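**Q** Structure provided below as structure tokens; questions to follow.
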Amino acid sequence: MIRIQGVLVSPGEGGVYGERTIGDYRVWDPYRSKCAALLLLGGEIDLTSSMRVLYLGAANGTTVSHVADYVEVVYAVEFAPRPMQDLLEVCRRRKNIIPIMDDAGRPDHYACMVEEVDLVYQDVAQPDQAGIALKNAIFLRPGGTLVLMLKTRSVDIRQSPQDVLDRTVEVLEAGGLSVREVRWLEPYHRDHAAIICEALK
Ligand SMILES: C[S@@+](CC[C@H](N)C(=O)[O-])C[C@H]1O[C@@H](n2cnc3c(N)ncnc32)[C@H](O)[C@@H]1O
């Protein structure tokens, strides 16, 4: 990943959310993007030019746009109409983003549109985040990576964030994923953790 003057950037043209630019690079804001936070905190995920990514919870395309600056193609799933309108604007300038308006909990709806991918990235703030991730793991190539951005408060506000994280890791492993790394995203995102998993080879 590229850093300039100590900040994370992506090599794309055209601002998307009022971000700063340095030359031809867009500054990738860790307070706006959990993916940037994970990378700045030392999380080990690849984003390279030959990669295909399935992105669940695309919202208005803030993080999707940066990911698309690095990879070959991003299948971007979002079910809410308003952010999807903004995402479509982002897609006009970035032809390697395929927008899919659907429920990430129903991968059977978009299976016909999505190829095998190297990375599933999920940021959906739903009670059943682990279940949604496992359903979408069917798109992963053998040995591919799944990153679940866990919003613990969306799962259960009464349990401690650590208990929610531990339980989520258990569910993912019982579902056949191997959890490689877990990282809290403070100070950028409170009570959020990134869970990085690998599919079986
Ligand atoms: C926290 S926001 C995502 C922010 C975005 N990942 C970014 O960094 O730019 C969560 C998004 O997930 C979407 N979402 C939640 N549940 C979903 C589901 N089941 N299927 C598709 N999108 C979903 C919401 O509409 C919202 O736009």
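Note: Cβ is positioned from N, Cα and C throughout, glycine not excepted.
Automatic prediction, not curation, is the source of TrEMBL annotations.
So TrEMBL lists these for the protein:
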- T62, T63, E78, F79, D103, A104, D123, V124, A125, Q126: S-adenosyl-L-methionine binding site (BINDING)
**Q** With DSSP assignments reduced to helix, strand and coil, which class does E78 (S-adenosyl-L-methionine binding site) get?
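**A** Looking at the DSSP assignment, E78 (S-adenosyl-L-methionine binding site) belongs to a strand.
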**Q** Here are the binding-site residues: E78, D103, D123. Which has the lowest count of other Cβ atoms within 10 Å?
**A** D103
**Q** If we count other C-beta atoms within 10 Å, could you say which of the binding-site residues T62, A125 has the fewest?
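**A** Across T62, A125, these binding-site residues, the one with fewest Cβ atoms within 10 Å is A125.
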